[in-house]
Amino acid sequence: MAVRPGLWPVLLGIVLAAWLRGSGAQQSATVANPVPGANPDLLPHFLVEPEDVYIVKNKPVLLVCKAVPATQIFFKCNGEWVRQVDHVIERSTDSSSGLPTMEVRINVSRQQVEKVFGLEEYWCQCVAWSSSGTTKSQKAYIRIAYLRKNFEQEPLAKEVSLEQGIVLPCRPPEGIPPAEVEWLRNEDLVDPSLDPNVYITREHSLVVRQARLADTANYTCVAKNIVARRRSTSAAVIVYVNGGWSTWTEWSVCSASCGRGWQKRSRSCTNPAPLNGGAFCEGQNVQKTACATLCPVDGSWSSWSKWSACGLDCTHWRSRECSDPAPRNGGEECRGADLDTRNCTSDLCLHTASCPEDVALYIGLVAVAVCLFLLLLALGLIYCRKKEGLDSDVADSSILTSGFQPVSIKPSKADNPHLLTIQPDLSTTTTTYQGSLCSRQDGPSPKFQLSNGHLLSPLGSGRHTLHHSSPTSEAEDFVSRLSTQNYFRSLPRGTSNMAYGTFNFLGGRLMIPNTGISLLIPPDAIPRGKIYEIYLTLHKPEDVRLPLAGCQTLLSPVVSCGPPGVLLTRPVILAMDHCGEPSPDSWSLRLKKQSCEGSWEDVLHLGEESPSHLYYCQLEAGACYVFTEQLGRFALVGEALSVAATKRLRLLLFAPVACTSLEYNIRVYCLHDTHDALKEVVQLEKQLGGQLIQEPRVLHFKDSYHNLRLSIHDVPSSLWKSKLLVSYQEIPFYHIWNGTQQYLHCTFTLERINASTSDLACKVWVWQVEGDGQSFNINFNITKDTRFAELLALESEGGVPALVGPSAFKIPFLIRQKIIASLDPPCSRGADWRTLAQKLHLDSHLSFFASKPSPTAMILNLWEARHFPNGNLGQLAAAVAGLGQPDAGLFTVSEAEC
């Protein structure tokens, strides 16, 4: 086709412009479409360019561009222009140059990025315009961040010898951006900059150049990026030490003191001693060699020589020598004298007579001995007379100085019907008070002085006699009347997990020995005129269906007190152990009670108590004290609020007392750290013929869903062989955390190589995965070692399971009534029950105490429950005396006031 001549200049200009444009694009990637003749300095340049970003989960990302001078800025993503409505634009003027400035922002969502398929990545770029041309920014790539759950390669457990190299491989999960890797040793970060013996390779493997004993630990590979943090399975690394011989000792002395014998020398496998399952030393530890010792020759006397001529002193002599044979090679010297003399004139020689001075000396010694005897006899008579004077009655003695023994109250007049006689404890020295019993409801309130050293003044003008009591007819009649009441319910008898007794308004105490479980019945808790037979029972977990939901766990024994439905006018106090580590941030604790229909109900949420509640609980480190006016079946249940919630487990190691076979079993029990659980295991082991072989330990078990592992190590292979087929045993987490399974244990079976082997030395490890652990070093003779037997001697808890009346309380009745009457009324100076609660560290329960008719009685009842039978009355007396009541006349009691 022919072109008109006038069009050639136009076509030539278009081609020239295209060539210039291509040349400019090659020279600069950021400049495009310059205006012919424009100043290049006025082309847009970017102050802020978009950068590579990652989308985490579903959160959109923000891209920002800022250029000067710029009249327009638009984003282009994957070659397509972003809609104008999606741009957020800010215009301004540069303060230094006066040129127009523009800033543009857009959001990129996960859905936009996911629309791009194939190998192409999602990118965005800014294009800025000015009057001189356009400029393109750098490309920003937008990627979706993620981190897979499973590691491509996890570290494995290893056992290495000392100074051997360790390589723990780890390939982290696939992720964008690629995961960073760090290592944990027993939950502590491994920092190669602080430990030159450790480094991490580019492939993320952990390398220990030379293994040390301190490198025995659980190692965990941790991968993390901006999305998540992943942990591998922990790999247990055990650095063992093979045994090495020490140097030989010096040869011993020859076994025969005379003639042919033996010498020996020894060495021990302690350089180093085998550790963590390392091999025992090879070879003999004793060497023997023959020896010969010269026999000692004892000396013997030769024959006596002839007598010498008679001397001027009328004696002559003879001699002998120790030469037949002479002593040699350590033999004994001759015994006897080597020179013998005698009178040579017989009766013609004069004999020396005793001097008169010797006779006088003997007479003087006899006289001194007689005087000493008479003096000792006189001193003895004086001592006996003084002792008789000390046996007289003691008047006006303070009850505090008499030890607060149980009080036997006898009527002073036959026509007084309100006086009772309580049978005393015949095994102790008691104090008899002759007078009437002051009740808090009768007559004016007694008061006593607290500002001086003792707790109370002498009791009126009554007479106090210290003596050993014997049963009286009045006491026998009272007990018989209590036992013949016909309106109480009959109860089962003869079980070791039960206590029962008959009580009236004087109160008392029930205890199940060796369990930490007791029931305190304060005075006036039972209405006057009523007599109840009350029981206290410990239930086995398998006999009670206690529903536990979610993360709940049983922290205490299940205890019943009854009979249910009896009328009580004051709260009784039920005491029982628990195995929780109290922490308001880790536990939600609830007191559960079984209803008459058999269902369990939450009757108290600890920490949310109110004075109107029928129940109240004082929680301490190892025990809880429940105030209740309704008897029934109770249990303390905890619900974990975090993985820091901890239960105390007691670990006990038992083995047979007698071992007649080659096999020897070590039983490791993991039970609640409560007295009742210990009692059950001890009774079981007595039936099995077991003995304790190591001191018990306490392990803190966390709510981390990790199991409890048990393993045995360092068993001498030359003496014993372990029949365990795996490196460790496990008790599942839920078996322990549920708290309702008894006798949880693992058994390690060892086999003796020789039937004569009796010494056992090994280690038993018990630990929670990624948690607390304990190690037992066993060094035990299985035939005669009984050094741990005394640890099983359970402490007695006050003798009889039931105590009735004043003998059940540390504080005597009259002193108790005085304290109540003095501290119940409010005092402007603070000398009342509130200050007493603060001194006894019970001020967190002031609202509960204040809701009761007698707050002081509640405080004293709790003190009795916490401190019986070993409470320090001196400390209580000091706390009461420190309140500073000023009037000395307020605190005197006489028989007339009663």
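Keep in mind that glycine also has a Cβ here, set from the backbone N, Cα and C atoms.
Remember, predicted model here, so these are calculated numbers, not experimental data.
The signal peptide feature in Swiss-Prot is assigned to 1-25. If you look up Swiss-Prot, you'll see 26-361 marked as topological domain 'Extracellular'. If you look up Swiss-Prot, you'll see Asn107, Asn218, Asn343 marked as N-linked glycosylation site, on the strength of sequence analysis. Under the heading C-linked glycosylation site, Swiss-Prot lists Trp245, Trp248, Trp251, Trp301, Trp304. Positions annotated as domain 'TSP type-1 2' by Swiss-Prot, on the basis of sequence analysis: 298-350. Per Swiss-Prot, the feature transmembrane segment maps to 362-382; the stated evidence is sequence analysis. Taken from Swiss-Prot, the feature region 'Interaction with DCC' covers 661-679.
Overlay of Swiss-Prot annotations on the structure.
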| residue | record | DSSP class |
| --- | --- | --- |
| Asn107 | N-linked glycosylation site | strand |
| Asn218 | N-linked glycosylation site | strand |
| Trp245 | C-linked glycosylation site | coil |
| Trp251 | C-linked glycosylation site | coil |
| Trp301 | C-linked glycosylation site | strand |
| Asn343 | N-linked glycosylation site | strand |
Minimum Cα separation from Asn343 (N-linked glycosylation site), reported as the residue among glycosylation sites Asn107, Trp245, Trp248, Trp251 that achieves it: Trp251
Spatial neighbours, same chain, of Asn107 (N-linked glycosylation site) - Cβ under 8 Å, 6+ residues apart: Pro60, Val61, Leu62, Leu63, Asp86
Spatial neighbours of Trp304 (C-linked glycosylation site) that are distant in sequence (at least 6 apart) but have CB under 8 A: Arg318, Ser319, Arg320, Asp340
Segment confidence, the domain 'TSP type-1 2' (298-350), expressed as mean pLDDT: 81
Lowest local Cβ density (other Cβ within 10 Å) among glycosylation sites: Asn218, Asn343: Asn343
Other CB atoms, at most 10 A from the CB of Trp301 (C-linked glycosylation site): 15
Neighbourhood of Trp245 (C-linked glycosylation site), C-beta criterion under 8 angstroms, separation at least six: Arg267, Ser268, Cys269, Asn271, Cys281, Gly283, Asn285
Neighbours of Asn218 (N-linked glycosylation site) among the glycosylation sites Trp248, Trp251, Trp301 (Cα to Cα, within 10 Å): none
For Trp248 (C-linked glycosylation site), nearby residues of its own chain (Cβ under 8 Å, 6 or more apart in sequence): Arg265, Ser266, Arg267, Gln287
Neighbouring C-beta atoms (10 Å sphere around the C-beta of Trp251 (C-linked glycosylation site)): 13
Trp251 (C-linked glycosylation site) and Trp301 (C-linked glycosylation site), distance between Cα atoms, whole Å: 37
